[in-house]
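Enquirer: Pasting a structure here, questions to come.
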Protein chains: 2
Amino acid sequence: MKVINYPKKEDWQEILKRPALNTDSLNDTVLGILNRVKSEGDQAVLEYEATFDKVQLGNLAVTPEELREAEALVSEELKAAILLAKENIDTFHRAQVFTGKKVETRPGVVCWQKAVGIEKVGLYVPGGTAPLFSTVLMLAVPARIAGCKEIVLCTPPNREGKVHPAILFAASQAGVSKIFKAGGVQAIAAMAYGTESVPKVYKIFGPGNQYVTAAKQLVSLRDVAIDMPAGPSEVEVLADASANPAFVAADLLSQAEHGVDSQAILITTSPALIEKVVEEVEQQLARLPRKEIASKSLENSKLILVNNLDEAIEMTNDYAPEHLILETEDYMAVAERISNAGSVFLGSLTPESAGDYASGTNHTLPTNGYAKAYSGVSLDSFIRKITFQEISREGIQTIGPAIEIMAANEQLDAHKNAVTVRLNTLKS
Amino acid sequence: MKVINYPKKEDWQEILKRPALNTDSLNDTVLGILNRVKSEGDQAVLEYEATFDKVQLGNLAVTPEELREAEALVSEELKAAILLAKENIDTFHRAQVFTGKKVETRPGVVCWQKAVGIEKVGLYVPGGTAPLFSTVLMLAVPARIAGCKEIVLCTPPNREGKVHPAILFAASQAGVSKIFKAGGVQAIAAMAYGTESVPKVYKIFGPGNQYVTAAKQLVSLRDVAIDMPAGPSEVEVLADASANPAFVAADLLSQAEHGVDSQAILITTSPALIEKVVEEVEQQLARLPRKEIASKSLENSKLILVNNLDEAIEMTNDYAPEHLILETEDYMAVAERISNAGSVFLGSLTPESAGDYASGTNHTLPTNGYAKAYSGVSLDSFIRKITFQEISREGIQTIGPAIEIMAANEQLDAHKNAVTVRLNTLKS
C-alpha cells in the first residue's frame, strides 16, 4: 500500500488514475469466435467449450433433472442465505417499479411513458473457482420483476460438464427461463446471435474476464445492447478519525481479494487512521486464504491523507468509485454531497459485502470512473419506457400552428403538411 | 412504394429488414480525426473546420454578442413557437423527476436510490440546410431539469462562420452553458477529450451523419457515454379501415422527406386503405419542396396488408418502429399491446410531427429495431441513480450471517471477514 500525504490538486488526476483498459489487442481473436458462432451455431459453441473449458458436451441446455440434482446438493444453510438475499433484492427492486403518469402539456395534448420489460435478456455468469450465484440473483430477480419474458443464462460448466449447484439453485429460485453450459466469448456470441439451442436476446448482462468484456463491446456496436462497459472492481473508503481501523482494513481487503487488478483506496483526514489501518491490513491479510491475490492487489492500493472533509469529498467525486464506504462522524451530510459513485455504504456497520450479497441493492455497478455517466444495474436496466401521446381536436388546434411554423423553418414541409391536412379537416 | 399482400410469417423478417448499417469502413478516417483532436486540441478542430465546413474561424466559442444578434434575427412568430414547444417539453420531462424512496428490506437495512444529474453533457446538433433547433430543445431542456452543471453544444457554422440564429435562440432559451462552432467528427472528439476551449463531457447526445455516428460509437468504447446507437429515421402507421388516407399519406411522407434512407411503412387490415393511400401520396408528393428526397425514400417504403389486427400488432412488435402511429378505431386497446416501439401516436389527430416538435415528448428515439432494448431520450438519460444503504446494529445482525455464508461459498473470505469483524464488535 502506498501512503500519499496531502497531495496537491494538480497531482490528483495522476494519483486517481486507473490502470489502462485496452481490449483492442484481443479483438481479432474475439471477432473470430463471434463470427464462427454466428454462422455455425451450436456446433461452434460445443467445439469452443471443448477447447477452452476442456469439456465434451452432448448438448448445451441444463436439463430439469440437473436442476433437481443441484437442489439436493446445496446445503440448507446456503439455501436459506440465498433466499434471504433474494427476498431483499426483490423488495428493493420491486420498489423501483415505474408507473407512468399522464401529463397534459396543453389542453387536449396528453403524454405519458409506459415501462415495458425487454422481452429477451441474456445473463452471463462467469465460471472459475468461485461460483457467482450472487450475480445470478442480482440479474435474474430484477429481470423477472421487469416482466422479461425470456431470461437466458449462460455459464461455463466444469470439466465434468456440470454447472455449480448453487448457481443452478439461485437461477431456479430467481426465475431464469433457460440455462446453458457455455462460457466466454462463445456464450456472448450465442446470446447475441442465437443458435439452434440458445435464443437470441436483446440485451446481455453480467461480468466476465477481458475476453468476455471485449465480446460484449463488439456485439454492442450493432447486434444487441449490454448492461454497461466493464472494468476491474474498486472500492473507496472515505473516513475520518472516528472510523474503526479494523473495519476499514477489512473493507479494503475484501476488494483486494477480487483480483490483482482490483482497486482499493482510502481517503482520510486522519494520519492516525492511516497508521492503524496499515497495521490492521497486515494482521488480517495473514489470515486470508486468498492472501496472494490480495497482497498483489494491495501493491496498487493507495491511502491518501487530505487536509479536510471538503477536499476528501471533492477527490471522491473526481475518482467516481464503484463502491464508496463513508465512515465519518456525520456520514449523512457527506452522502448528500456525493455526486459520482455507484453504490454508497453509510456508517461503520455497512460494509461493501452487504451490498455485494444481501442488503437488496444491486452489485452490478459502474467501474473505471463510469459512475460519472452510468448508473448501476437496477430495474431500469431491464425495461424500456415507451412514450405515448394522444391529441384531441382542441389539442391539435392549440399546438398545430406552432408545429407548422417550426417545421417550415426546419425546411421539413411534409412535417408541416401532416398537421395542415388535419387542421383543414377540422375547419370544414 | 411496394404493396405486399398477406405475407406469410416466415417472410416477415425479410420484409421488415432495414438496410444494413455499417460504419466500419469509415473507422480509419474517423479514428485519425479523433486522435488528432485528442492530441492537438483546438488547433486541430479549427483546421478540420476549414477543411470540412470551408470556414476560417478565429475561435470556436459563440460569443454573447452573437447570441444577442441571433435573438434579433429570429422572427417573433418562430420565437413564440419555440417557446411553446419548450414549455411543453419542460412540462413533460419535469413530470419525470425521480424521487427515491427509502426501502427497509429488513429491520435496520435501509436502501434507496438518488437521482443525480450527469455533471457535464455534450449536445451535438448537425448543420446542413435545415437548422435543427427542435433537437436543441429536446436535449437541452431535460439536461437542465436533470441538473447537469455544464451543458455544452457543438454545431457546425456556415461558410461565414455563423450558426443559424434559431439554433442559438433555442440554446439560450433552453439553458445551454457553452456553444461551440464545430461539426462532424471533430466536434465529437472535442467533447469526448476536451480541448483548450471545449470542456470534456461525460456523455454525448444528438443525431448526425454516418461519420458522426461512427465517431460516437468509437468514443463510447472507452472515453464517454453516448445517448444510443443511431440509424436512419423510420415511421410505421398501423391502420384499419377507419383511418383517413390523407392523414396516413401525410405521415408516411413526413418520414420520407428526412432522407433517402428513411423508412416509412404502413401495416393495415384494409385493402381499400392501401389503394387510397397510394393515390394520396402521389397527390401530396407533387406539392412537396423536398419531393426528390421523398420519392427516392418511398421506393423502399412498404404498404403491407395483413389478415387481422392481431397479425398487425405482432408484426409491429417484430419491427419495433422508432415512431408508431395508431390509426385504428379502438387505438387504446391496440396501444396496450405494443411492446416494442420508441414513441406511439394515438388516433387520427396525433401526427408524428407533434412529437417531433411540440407535444412535449422527446424526439430522440431508438431506430433500427433498437426499441427492443433501448428507450428514447428522457430525463433518465441525463441522470444517474446512485444507490445508498445504511445498516444498523440490528440490521447487520439480521443479514450478517447470510452474507458470511454466501461469501464463504463464493470463496471470498475477506468479504466474509468484513462482516465478521463487525459482528464481533457487537457481541462484546
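Using the three backbone atoms N, Cα and C, a Cβ is placed for every residue, glycine included.
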Enquirer: If TrEMBL gives A:Ser233, A:Gln255, A:His258, A:His323, A:Glu410, A:His415 as binding substrate, which of A:Asp90, A:Asp310, A:Asp356, A:Asp380 does it give for that site as well?
Expert: A:Asp356
Enquirer: Around the NAD(+) site (A:Tyr124, A:Gln186, A:Asn209), what further same-chain residues have their C-beta within 8 angstroms of the site's C-beta centre?
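Expert: Neighbours within 8 Å of the Cβ centroid, excluding A:Tyr124, A:Gln186, A:Asn209: A:Pro126, A:Cys154, A:Pro156, A:Ala182, A:Gly183, A:Gly184, A:Val185, A:Ala187, A:Ile188, A:Gly208, A:Tyr211, A:Val212, A:Ala215.
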Enquirer: In DSSP terms, helix, strand or coil for A:His323 (substrate binding site)?
Expert: strand
Enquirer: Going through the recorded positions A:Tyr124, A:Asn209, A:Glu322, A:Asp356, A:His415 in order, which have a C-beta under 8 angstroms from some C-beta of chain B?
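Expert: Near chain B - Cβ to Cβ under 8 Å - we find A:Asp356, A:His415.
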Enquirer: So how far apart do the substrate binders A:Ser233, A:Gln255, A:His258, A:His323, A:Asp356, A:Glu410, A:His415 get, largest Cα to Cα in Å?
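Expert: For the residues that bind substrate, the greatest Cα distance is 55 Å.
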Enquirer: Looking at the recorded positions A:Tyr124, A:Gln186, A:Asn209, A:Glu322, whose Cα is closest in space to that of A:Gln255 (substrate binding site)?
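Expert: Closest by Cα: A:Glu322.
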Enquirer: If we check Cα distances from A:Tyr124 (NAD(+) binding site), which of the recorded positions A:Glu322, A:Asp356, A:Glu410 wins as closest?
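Expert: Checking each of A:Glu322, A:Asp356, A:Glu410 against A:Tyr124 (NAD(+) binding site), the shortest Cα distance is to A:Asp356.
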Enquirer: According to DSSP, folded down to helix, strand and coil, what is A:Tyr124 (NAD(+) binding site)?
Expert: strand
Enquirer: By a simple count of other Cβ atoms within 10 Å, which of A:Asn209, A:Gln255, the binding-site residues in the record, is least packed?
Expert: A:Asn209
